[in-house]
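Student: Below is one structure. I have some questions about it.
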Amino acid sequence: MPQQTAVVVLAAGAGTRMRSKTPKVLHSLAGRSMLAHALHAANEIDPTHLITVVGHDREQVGAAVAAVAGELGREIVPALQEQQLGTGHAVQCALRALPADFAGDLLVTSADVPLLDGHTLGALLDEHRSYQERSAVTVLTFVPDDPNGYGRIVRDADGQVVEIVEHADATPEQAAITEVNSGVYAFDATVLRAMIGRLSTANAQHELYLTDVLRLAREAGHPVHGARLLDAAKVTGVNDRVQLSIATRTMNRYILERHMRAGVTIIDPASTWVDAGVRIGRDAVLRPGVQLLGSTVIGEDAEIGPDSTLTDVRVGDGAKVVRTHGEGATIGPNASVGPFAYLRPGTILGEAGKLGAFVETKNADIGAHSKVPHLTYVGDATIGEHSNIGASSVFVNYDGVKKHHTVVGSHVRTGSDTMFVAPVTVGDGAYTAAGTVLRRNVPPGALAVSGGPQKNIENWVQRHRPGTAAATAAAQALAADEKSSQATEQKDGEQ
C-alpha cells in the first residue's frame with residue numbers, strides 16, 4: 001500500500017505589512033492568489049489529505065480555499081486557528097483535522113511562499129523518506145542574501161542539524177549563521193504528534209514554535225535532517241508589496257522559462273507576462289509587449305503580438321494576433337486579428353477569419369473565412385461563412401432598453417458604412433450599397449439600397465453661415481468656377 005501523505009498549508013496570519021483590506025494570502029501574482037499557488041503546488045504531489053489552517057479573515061480565506069478545491073476537484077479541509085499562538089499551535093489545529101490513525105508523512109508549508117512548486121515539495125518528501133531510511137523531521141533550508149528575520153539552522157561538527165533558533169532568540173554567534181529555515185518541513189506524523197504537545201512558550205515571542213519539534217525529536221533519538229535548497233527564491237516569503245512585486249517578476253521568469261523549454265519562442269522575456277494558468281502550444285511565437293492572462297490557451301504555430309493582451313482567450317493553431325485586446329473570446333485556426341482590435345466576451349472568430357484594424361466585437365459569432373477588415377462594431381450578431389463586412393459598418397444592437405440580434409448569412413458583401421439596425425437578417429449571397437441603413441430583412445441574393453436620390457441645397461452655407469470661413473471659401477470657389485466657365489464660353493465663341 002502506498003505511503004500516505006498529508007500537506008498542511010498555513011494561512012492564518014494577519015499580514016499587516018501589506019497594509020491592505022485584502023488578506024495577505026489572497027494577494028495575487030501570475031493570475032492566482034498566493035494561497036492558490038500554495039494549494040496548487042501541494043496538489044501536485046497528490047497528497048492523501050490537504051489541509052489549510054485559517055484564522056484572520058477566515059470567511060474570505062475559507063471561500064478562496066473552497067474555490068481552489070473546486071478548481072482542483074478535490075477536498076481541501078479548513079482547520080480553524082482561533083488565536084494565533086505560533087506555528088506550533090497552527091499545526092496542532094491542523095492535526096485535529098487529520099484522521100486519528102494517520103501515520104504517514106506530513107508536509108508543512110505556508111501560503112505566503114508562492115514560488116514554492118510541486119517539484120520542490122516532491123523532492124523534499126523523497127529526501128525525507130530516504131534519509132536514514134526515514135527521517136522524523138526534515139527541514140528545507142536555504143541561504144538568503146539577507147538572513148535577517150529568519151530562524152537559523154544550527155548544525156554540529158558533523159554537519160547534522162541540531163536545532164532551529166528563531167532570529168529573536170539567537171545569540172550573536174547564532175545570528176551570524178547564514179543558513180536559515182524556509183518554514184517548509186516534512187514530518188513523520190507519529191513523531192510529530194508525540195512531540196508537538198511538549199512545545200513551550202518560553203521564548204522571546206511567547207509562542208509555540210514548530211521549529212522546536214526538530215530539537216525535541218533529536219533529543220528523543222529520532223533522525224532529523226536539513227535539506228538545502230539552492231534556488232533561494234522558491235522559498236522567499238512575501239510580507240509586503242515590495243516583496244510581492246519581486247516575487248511576481250521571479251514567478252514570471254519561471255513561467256516563461258518553462259514555456260521556452262517546451263518549444264515556445266518568446267522574443268523579449270523582459271516585456272512578456274504570462275499567467276500560471278496559461279497553456280501555449282509548441283512553435284508558438286510571443287512578440288514583445290504580450291500579456292497572456294487567466295486561462296488563455298494559445299495553439300501551435302500561433303503568433304501573438306507585439307503589444308497584445310489576451311485574457312481567457314482561446315487562439316487556434318496558426319492564428320496571428322497583432323496589437324489586440326481580447327477577453328473571453330475564441331479565435332479560430334489560421335485566423336488574423338488586429339492591429340488595434342478589441343475582442344470582448346462572447347466573440348467567436350471562425351477558421352481563417354479576419355478582424356482587422358479598429359474592429360470591436362462582442363457576443364459575435366463570425367464564420368470561417370469571413371472578414372471584418374476595419375473600423376467596425378459587431379455586437380450581438382451571427383455572421384456566416386465567406387462574408388465581408390465593409391468599412392465603418394455598425395451593428396446597431398441596443399434600443400435603449402434591451403439588445404437585439406443580427407444575422408448575416410454566408411457569402412454576403414456589405415458596402416462601407418452599412419448600419420444593421422437589429423433585429424434584422426441579411427440572407428445568403430445578399431449585397432448592400434454603401435451608406436445603407438438596414439431596418440428590414442434582406443432576402444438572399446438581393447441588393448439593399450436605402451435613402452432617396454441625393455439632394456444638394458445650393459448656397460445654403462452662405463445664407464445660414466454668413467461670415468464664416470466656410471462661407472468665404474465657398475464664395476471664392478463659386479467665383480472661381482464662374483470665372484472659369486466664362487473663360488471657356490469666350491474661347492468657344494472665338495472658335
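The backbone N, Cα and C atoms fix where each Cβ goes, and this holds for glycine too.
Below, the features straight out of Swiss-Prot:
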type	residues	note
ACT_SITE	HIS374	active site, proton acceptor
BINDING	10-13, LYS24, GLN81, 86-87, GLY151, GLU166, ASN181, ASN239, ARG344, LYS362, TYR377, ASN388	UDP-N-acetyl-alpha-D-glucosamine binding site
BINDING	ALA391, ASN397, TYR398, SER416, ALA434	acetyl-CoA binding site
COMPBIAS	468-479	compositional bias 'Low complexity'
COMPBIAS	480-495	compositional bias 'Basic and acidic residues'
REGION	1-241	region 'Pyrophosphorylase'
REGION	242-262	region 'Linker'
REGION	263-495	region 'N-acetyltransferase'
REGION	467-495	region 'Disordered'
Student: Go through the chain and flag residues at least 6 beyond the ends of the region 'Linker' (242-262) whose CB is under 8 A from any CB in it; none is fine as an answer.
Tutor: 18, 27, 29-30, 37, 114-115, 117, 233, 236, 269, 272-276, 278, 280, 282
Student: Calculate the distance in Å between the alpha carbons (Cα) of SER416 (acetyl-CoA binding site) and HIS374 (active site, proton acceptor), and round it to a whole number.
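Tutor: Approximately 10 Å lies between the Cα of SER416 (acetyl-CoA binding site) and that of HIS374 (active site, proton acceptor).
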Student: Looking at the binding-site residues TYR377, TYR398, which one has the fewest other Cβ atoms within 10 Å of its own Cβ?
Tutor: TYR398
Student: Let me make sure I understand the structure: which of the binding-site residues listed (GLY86, GLY151) has the fewest other Cβ atoms within 10 A of its Cβ?
Tutor: GLY86
Student: Where's the emptiest Cβ shell within 10 Å among the binding-site residues ASN181, ASN397, SER416?
Tutor: SER416
Student: Whole-number Å distance between the CA of ASN397 (acetyl-CoA binding site) and the CA of TYR377 (UDP-N-acetyl-alpha-D-glucosamine binding site)?
Tutor: 10
Student: Please list residues from the chain of ALA391 (acetyl-CoA binding site) whose Cβ is under 8 angstroms from its Cβ, counting only those at least six apart in sequence.
Tutor: PRO373, HIS374, LEU375, THR376, SER416, ASP417
Student: Taking the Cα atoms as reference points, how far is GLY151 (UDP-N-acetyl-alpha-D-glucosamine binding site) from ALA434 (acetyl-CoA binding site) in Å?
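Tutor: Approximately 75 Å lies between the Cα of GLY151 (UDP-N-acetyl-alpha-D-glucosamine binding site) and that of ALA434 (acetyl-CoA binding site).
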Student: Among the binding-site residues LEU10, ALA12, ALA434, whose Cβ has the fewest other Cβ atoms within 10 Å?
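Tutor: ALA434, out of the binding-site residues LEU10, ALA12, ALA434, has the fewest neighbouring Cβ atoms within 10 Å.
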Student: Might you list, by sequence position, any residue in that chain lying six or more from LYS24 (UDP-N-acetyl-alpha-D-glucosamine binding site) with a Cβ less than 8 Å away from its Cβ?
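Tutor: Spatial neighbours, sequence-distant, of LYS24 (UDP-N-acetyl-alpha-D-glucosamine binding site): GLY13, ALA14, GLY15, ARG17, MET18, MET34, ASP112, VAL238, ASN239.
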Student: Which secondary structure state does DSSP assign to HIS374 (active site, proton acceptor), in the simple three-class scheme?
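Tutor: DSSP assigns HIS374 (active site, proton acceptor) to strand.
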Student: Long-range same-chain neighbours of ARG344 (UDP-N-acetyl-alpha-D-glucosamine binding site), Cβ under 8 Å, sequence gap at least 6?
Tutor: GLU327, GLY328, ALA329, GLU360, THR361, LYS362, ASN363
Student: Through the lens of DSSP with three states only, how would you label ASN181 (UDP-N-acetyl-alpha-D-glucosamine binding site)?
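Tutor: DSSP assigns ASN181 (UDP-N-acetyl-alpha-D-glucosamine binding site) to strand.
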Student: How would DSSP class ALA434 (acetyl-CoA binding site) in three states?
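Tutor: For ALA434 (acetyl-CoA binding site) - judged by DSSP and reduced to three states - the answer is coil.
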Student: Please report the Cα separation of ASN181 (UDP-N-acetyl-alpha-D-glucosamine binding site) and TYR398 (acetyl-CoA binding site) in Å, rounded to an integer.
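Tutor: That separation, Cα to Cα, works out to 61 Å.
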Student: Tell me whether LYS24 (UDP-N-acetyl-alpha-D-glucosamine binding site) sits in a helix, a strand or coil according to DSSP.
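Tutor: For LYS24 (UDP-N-acetyl-alpha-D-glucosamine binding site) - judged by DSSP and reduced to three states - the answer is helix.
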